[in-house]
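Participant: Sharing the feature lines straight out of TrEMBL:
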TRANSMEM  B:21-39  transmembrane segment
TRANSMEM  B:59-77  transmembrane segment
BINDING   B:HIS71  heme binding site
BINDING   B:TYR83  ubiquinone binding site
TRANSMEM  B:98-120  transmembrane segment
Amino acid sequence: MLYALGKSLGSEEGFAEVKACLTSPLAKLVTWGLLSGLLYHLVAGVRHLIMDMGGGETLEGGKLGSKIVIVISVVLIVLAGVWVW
Amino acid sequence: MVTNVTNLSRSGLYDWMAQRVSAVVLAAYFIFLIGYLAAHPGIDYAQWHALFTNNAMRIFSLLALVALGAHAWVGMWTIATDYLTPMAFGKSATAIRFLFQAVCGVAMFAYFVWGVQILWGI
């Protein structure tokens, strides 16, 4: 990703090259995969912060929280897929 | 049981805080970046270049890169000390774990230097 950032910022040709590369179906799948991992990590991380502050720490709350994380992540991952394609 | 000599700060509480603070920085950075890209669907080179030559964006990007290094270090240290243990690898566990952590450390340092070169080289 740093390589793509460096190339896309280095020159106009580099930017066009990166942009063209990202339009291929395989690149889109990889981008979606990376975004999916990031989004799930982000949502689960926010839950961690909420639990650090004492929210949802009961057995019931823990179970509910884990389900909410899955639901929000799936919604965001689907939206990311729509965005990428 | 493994020794904790390689943890980030020699303090579990400080590591815990570093992980949370770096997490908030990374969340802010990625939400901003994804939001920016979503708001500019047909972005061209001039816009993209202008975004990253802005000094505030350079500082924000470098902050995110440092946070990524710290966050990754705490995370990889946790994985290494949880799973690369004498229970799993016997006598060679310390060598395996140290090698794994060394590779992680070199990677994070390399990403940091590379990031500085990109951000200040354009």
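Note that Cβ sites are derived from N, Cα and C of the backbone, with glycine treated the same way.
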Participant: Grab the same-chain neighbours of the transmembrane segment (B:98-120) for me: Cβ-Cβ under 8 Å, and only residues 6 or more beyond its ends, written as numbers and ranges.
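Facilitator: Distant contacts of the transmembrane segment (B:98-120): 6, 52, 58, 61-62, 65-66, 68-69, 72-73, 76-77, 80, 84.
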Participant: If we skip the immediate neighbours and take only residues 6+ beyond the ends of the transmembrane segment (B:21-39), which ones have a Cβ under 8 Å from one of its Cβ atoms?
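Facilitator: For the transmembrane segment (B:21-39), the far contacts come to 51, 60-61, 63-64, 66-68, 70-71, 74.
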Participant: What is the Cβ neighbour count of B:TYR83 (ubiquinone binding site) at a 10 Å cut-off, with all protein chains included?
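Facilitator: So the number of other Cβ atoms within 10 Å of B:TYR83 (ubiquinone binding site) is 13.
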Participant: Within its own chain, what residues at least 6 apart in sequence put their Cβ under 8 Å from the Cβ of B:HIS71 (heme binding site), listed in sequence order?
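Facilitator: Once residues fewer than 6 apart are set aside, B:HIS71 (heme binding site) is near B:ALA18, B:GLN19, B:SER22, B:ALA23, B:LEU26.
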